[in-house]
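TrEMBL annotations:
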- 8-286: domain 'UvrD-like helicase ATP-binding' (DOMAIN)
- Ala29, Gly30, Ala31, Gly32, Ser33, Gly34, Lys35, Thr36: ATP binding site (BINDING)
- 287-567: domain 'UvrD-like helicase C-terminal' (DOMAIN)
Amino acid sequence: MDVSFILDSLNDKQRDAVAAPLQNSLVLAGAGSGKTRVLVHRIAWLMHAYQLSPYSIMAVTFTNKAAREMQGRIEELVGVPPQGMWVGTFHGLAHRLLRAHWRDAGLKENFQIMDSDDQLRLVKRIMREMNIDDTRWPPKQVCWFINGQKDEGRRAAHVPDSHDPFSKGMRELYYHYEEACERLGMLDFGELLLRAHELMLTNPPLLRHYQERFRHVLVDEFQDTNTIQYAWLRVMVGEQGTITAVGDDDQSIYGWRGAKIENIHNFTKHFKDVQTIRLEQNYRSTGHILNAANGLIKNNDDRLGKELWTDSGDGEPISLYAGFNEQDEARFIIGIIKKWRDEGAALKETAILYRSNAQSRVIEECLVREQIAYRIYGGHRFYDRLEIKNALAYARLALDPNDDGAMERVINVPPRGIGERSISTLREMARDQGCSMWQAAQLIVDQAIMPARATNAIKGFQQIIDDLMTTVQQPDLSLGDIFEQIINDAGLIPFHEKEKGEKGEARVENLKELIGAAGGFSWNPEDEAFSSPLMAFLDQAVLDAGDAQADEYQDAVQLMTLHSAKGLEFPLVFLTGVEENLFPSKMSFEEPGRLEEERRLCYVGITRAMKKLYITYAESRRLFGSESFNSPSRFIKEIPPQCLEEVRLRSQVSRPVSMQRPDYQTEKARLQNSTVLNNFKAPEVNVNMGDRVKHPVFGEGLVINYEGQGPQARVQVNFDDEGSKWLVLSFAKLEVL
Ligand code: ATP
Ligand code: MG
């Protein structure tokens, strides 16, 4: 069979990697050099040149979106969907194994996955039951501790004993948490991995089965695997299988979540006869973008060391924009996007990247004002929204009324007269009797231990859940019908309709969207892992981090944190909030190694851009409820100045930044003094951009913009209490503070 189509569009080194013999291999290469492309082509090669069945291939990616993309690209290349191949994230694949072998894994058949909110709630509940002071043991920190231990593959029993009372207490809480999860049949994200790993270790015949099945395992973004993921890979590959891992040490950005760069160093020790391949040509970005990335990452020590090059020419320099504040920064970005759109570019070619999720709000508001469609990855996920989680909780109860987490969530939503007192009676009864809250409710009703009104309210809730349990058993109802019924029976729509304003409206729309999403959900009845489409849907809702409000194919600007941008590429990229204390984040100054990780994150950000990159920062920023004045990030200074040009305010002319390393304080002063635009003076009032001013009616604010000359001159002031307003300067009676 002619397999040249697989190799045609590759360079020599990529070809070496794709057409390598059936042996372990490690592809180490910088951003945009085609690592993911190599993986996809390697899979096609294994199927065509080595005649391996798709059934014997497992590919691990970092996000669900990447997994879907990979599946699409394989299909495109080989012409048919790769039936039987496992492509997914570590969590997704572990989950699949556990669903298929729940009994061997010591789980309940209908085990539930907890997201981080559920986890936090459970920890709080346990602490309440144990009367533990949550100021001394902040629940979030407890979650952090537990997750960290699981990432290292340690159960409570494996955590070393310590004399330090704090560590002792954490360990104790971990014990109780483990016990509660076991009892409730709940698994957190870390547990999926740990349990799947243990399942393989404790069940040799099963392990043999999978080792024989998956003859070849491929891993993308290998630099970000943590201890337990790496251990699981080693076990799954075993002595017979082979592994292809691709990664880039300069893009390791999950150290804070337990990722181990050492896994790259150990790879050649732990796997036999590893062929290591390096790729150096970048196909993604222009010369300026690439030189900026190279110049920046040079400042890190301990690199495996590689330089990327491109033959695609320098392209446009990177534009640097200093906003007066975060509003001005957002406005500038949206202005550029509109210009791009008007010139015919698609919105989805644009990404706005930020260090912290909270930064998105101002940008979102600006996009909404300008009626530009956008989509957020991660962060406020659709399935994370309150109204959606409530509807899903009802669905969970319909499958298993003993799901205490779901019961606590919705027993009184919408309000039905089951107050906090009744709920704690239920909780106590459940604890005393060692049963679920659902069972406790029945006991309470039977024994009539509550006042009649409270008992009746509980009966009402039982009736709803009983009805829903019947609904979900009906074979002829589609998943969309089931959700419609759930949402109606639970009374969620009238409940939110009563809420005032847009919020309630949006919630109702989201619930309708959920019915739509359920209706469009495709479920493969042959998939051995799930016993019903509803169960598959509920699990996907928890696991899928990628699905946000706009649908995937709609043309929309893409907003995401730098972490979620890994592996992706966009023609136009905005790297925003590039300021000291924000990026690098304040926290990174405290712990050794974290600043380097921030720099790698910046490297990831820069290398997402294909044609044009904007770097923006704000001189003052309101974030997390307070205002700060940060200097531009050190990362900007680390970019070779010849790759950068500064954007002048309100004029489309740009000029190169001085060739000397700019000292940013003087650079700013120079800009403000030398540019007429930046130093606007009206006839009588001397108001500069960035000044704080006082207005007799509106109070204090910051000058963020101006328009016109002489008597027509207007300024835009962002008032602390009144928001932003345009004022005619000669009438406004502004006082400069
Ligand atoms: P990252 O480190 O960001 O994940 P990567 O190394 O995985 O990057 P890819 O995403 O595989 O890089 O490739 C980057 C871009 O370059 C893609 O658009 C890809 O299609 C293109 N590309 C890779 N190799 C070639 C090639 N030989 N010819 C043409 N285009 C290529
Ligand atoms: Mg990649």
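Yeah, the Cβs are placed from backbone N, Cα and C, and that goes for glycine too.
Quick caveat, the model's predicted, so the values are computed rather than measured.
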(message) Restricting to the chain of Thr36 (ATP binding site) and a gap of 6 or more, list residues whose Cβ falls under 8 Å of its Cβ, or answer none.
(response) Ala66, Met70, Asp220, Val246, Gly567
(request) Could you say whether, by DSSP, Lys35 (ATP binding site) belongs to a helix, a strand or a coil region? (result) helix
(request) May I ask which of the binding-site residues Gly32, Ser33, Lys35 have a CB within less than 6 Å of any atom of ligand 2, listed in sequence order? (result) Lys35
(message) My understanding is the cutoff is Cβ-Cβ under 8 Å with a sequence separation of 6 or more in the same chain; which residues meet that for Gly30 (ATP binding site)?
(response) Asp248, Asp250, Leu279, Glu280, Asn282, Lys306, Glu307, Leu308, Thr607
(request) Check each residue in the chain of Ser33 (ATP binding site) that is at least six apart in sequence and keep those whose C-beta is under 8 Å from its C-beta; list them in sequence order. (result) Leu279, Glu280, Gln281, Asn282, Tyr283, Leu308
(message) Cβ within 8 Å of the ATP site centroid (Ala29, Gly30, Ala31, Gly32, Ser33, Gly34, Lys35, Thr36 excluded): which residues?
(response) Asp248, Leu279, Asn282, Arg284
(request) Specify the count of other C-beta atoms within 10 Å of the C-beta of Lys35 (ATP binding site). (result) 25
(message) Mean pLDDT for the domain 'UvrD-like helicase C-terminal' (287-567), rounded to an integer?
(response) 86
(request) Tell me the Cβ neighbour count for Ala29 (ATP binding site), meaning other Cβ atoms within 10 Å of its Cβ, over all protein chains shown. (result) 25
(request) May I ask which of the binding-site residues Gly30, Ala31, Ser33, Gly34, Lys35, Thr36 have a CB within less than 6 Å of any atom of ligand 1, listed in sequence order? (result) Ala31, Ser33, Gly34, Lys35, Thr36
(message) Let me check the 10 A CB neighbour count of Ala31 (ATP binding site). How many other CB atoms are there?
(response) 23
(message) Quick check: in three-state DSSP terms, what is Gly30 (ATP binding site)?
(response) coil
(request) Determine the Cβ neighbour count for Gly34 (ATP binding site): the number of other Cβ atoms within 10 Å of its Cβ. (result) 24
